[in-house]
Amino acid sequence: MTLTIKEVTQLINAVNTIEELENHECFLDERKGVQNAIARRRKALEKEQALKEKYVEMTYFENEILTENPNAIICGIDEVGRGPLAGPVVACATILNSNHNYLGLDDSKKVPVTKRLELNEALKNEVTAFAYGIATAEEIDEFNIYKATQIAMQRAIDGLSVQPTHLLIDAMTLDNALPQVSLIKGDARSVSIAAASIMAKVFRDDYMTQLSKDYPEYGFEKNAGYGTKQHLLAIDDIGIMKEHRKSFEPIKSLL
């Protein structure tokens, strides 16, 4: 008895590798519906394989440290919010567990919102330790954004419940005695930094969404404090509020 296209599709969708797909008895079924199902499954498997390969690439720096010190406790650190006109700069320090596997981890700006939220929940529930650090708009104005970012990162490290032995940091160096590696575009090169990037992004977006409830005119729930047209028009219309960065243009010139 010939299987229906629906039945064959169910069999195809249960296949876990491209090799298995190509050797499947249904592979030679010439019905268009079956061939379409095979093409869709191949595309999905190729995408999954690419994510696996990227994940392995992004463990390079962690593995380098673990080769020298198998007992190393590696902390990834990243920040979000250096560019906005309002709100804090937020850092996250994250220590992944030893059997981590979060396919799709990447620079938080490249990860779709739904996937970002999914990864954030998994990370919060499963990592060995994580902590956030915040530097306020007032501190950004007092020290400058670079120094404020360092302050936020160190606060995140200080908040960890587990003491790390090594730091992997996105494009920054810290005044910290622990061994550290600063990586340009680290959130796309290290799983530890990428995890911190995701968590910091979700935390700050939530913070700005809450802030928008008190200051709806600025549209913080949509722009996260960046200088969008709506945001700039609101500043022209009603002025600034306490979480605007007075050292940032165009606000600085308005004061």
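Glycine residues also receive a Cβ, built from the backbone N, Cα and C atoms like all the rest.
Between the candidates Asp170, Asp175, Asp205, Asp206, Swiss-Prot assigns the divalent metal cation site shared with Asp78, Glu79 to Asp170.
Applying an 8 A CB threshold to same-chain residues 6+ apart, the list for Glu79 (divalent metal cation binding site) reads Val89, Val90, Ala91, Cys92, Thr149, Ala152, Met153, Asp170, Met172, Ala200. The Cβ of Asp78 (divalent metal cation binding site) lies under 8 Å from the Cβ of Ala91, Cys92, Ile169, Asp170, Gly186, Asp187, Ile193, Ala194, Ala196, Ser197, Ala200, each of these being in the same chain and 6 or more residues away along the sequence.
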